[in-house]
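Under the heading ATP binding site, Swiss-Prot lists 169-224. What Swiss-Prot lists as Mg(2+) 1 binding site is 296, 309, and the listing cites sequence analysis. Sequence annotations record features per position, and here Swiss-Prot assigns Mg(2+) 2 binding site to 309, 311 based on sequence analysis. Marked as domain 'ATP-grasp' by Swiss-Prot on the basis of sequence analysis: 133-342.
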């Protein structure tokens, strides 16, 4: 049987461009593994920071160097490489806005080719934290209290703005977290302890996104993650825990070597682990996810569980939590990539 042509799509216009390149390089290496070499042929497609598409040698060079392409003159963003037609199944590994929010998934759907990961609905719900929480609430999943805010409320007349501040203080209190609803990698998130910090954080978040979410803080929570794999009958991995010395798991902590430690497996009772796995699958199904997702949870000092979020297209470097959780669960990286492609073809 001829090798299937896999369109490996990476880069993108989000702030997670470099992470996407590293994820794609790891996936390309897994597809070159002896177990996959005869099954798949990789066709790399790179989207530069201006939105231009590149294929062939240019995309392969970015993949090999693991460095973004410097574009002197933006290419025609409406012109897709001709070899897109050769792709039999797509593996998009674009992180952040335009990559995991349903945008690229809609384009691939129009191309009438199968692709790895969630469809338009699951991706959109997984990206927008407000819509995500509404879906979780519908499924009766445990969450911290939150207030949803539009940018217009932040930049409104003083009376309405003061009313918003009072609502947040009454319903959530301090400390609390202010987050843009549609940005990944903890970008724009701030922990606030008084009204002055709240106002500054709202201004910062509203400059980044039209939709904001403010969440009640949990005192010194444990942060536990679970990987999910599958379509209609998903499976959950063992659990992992993230530990760090900073005030919360912010962008700097997430992407600076040595600032955070991954503990796999997490030290949890068998009963608690089973409960978290069940909740991970329930959350996966609540947003109509498919293929893969990583579920993030908080545990308070009493052992109470709160679901934080779902990431429908998690980091995929060899050091990322998602593949590490599956490796610890007995699924090696090359086999994980193979399974994801097969799940795309089955859907």
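Backbone N, Cα and C define each Cβ position, glycine as well.
Taking each Cβ in turn and tallying the other Cβ atoms within 10 Å, the top scorer among the binding-site residues 183, 190 is 183.
Reported as a whole number, the C-alpha separation between residue 311 (Mg(2+) 2 binding site) and residue 197 (ATP binding site) equals 28 Å. Mapped onto three states, the DSSP output places residue 218 (ATP binding site) in coil.
Listed binding-site residues: 169, 296. The one with the lowest count of other Cβ atoms within 10 Å of its Cβ is 169. Spacing of residue 183 (ATP binding site) relative to residue 296 (Mg(2+) 1 binding site) is 16 Å (Cα to Cα, whole number). The DSSP secondary structure for residue 183 (ATP binding site) is coil. Cβ crowding, taken as the number of other Cβ atoms within 10 Å, peaks at 176 among the binding-site residues 176, 218.
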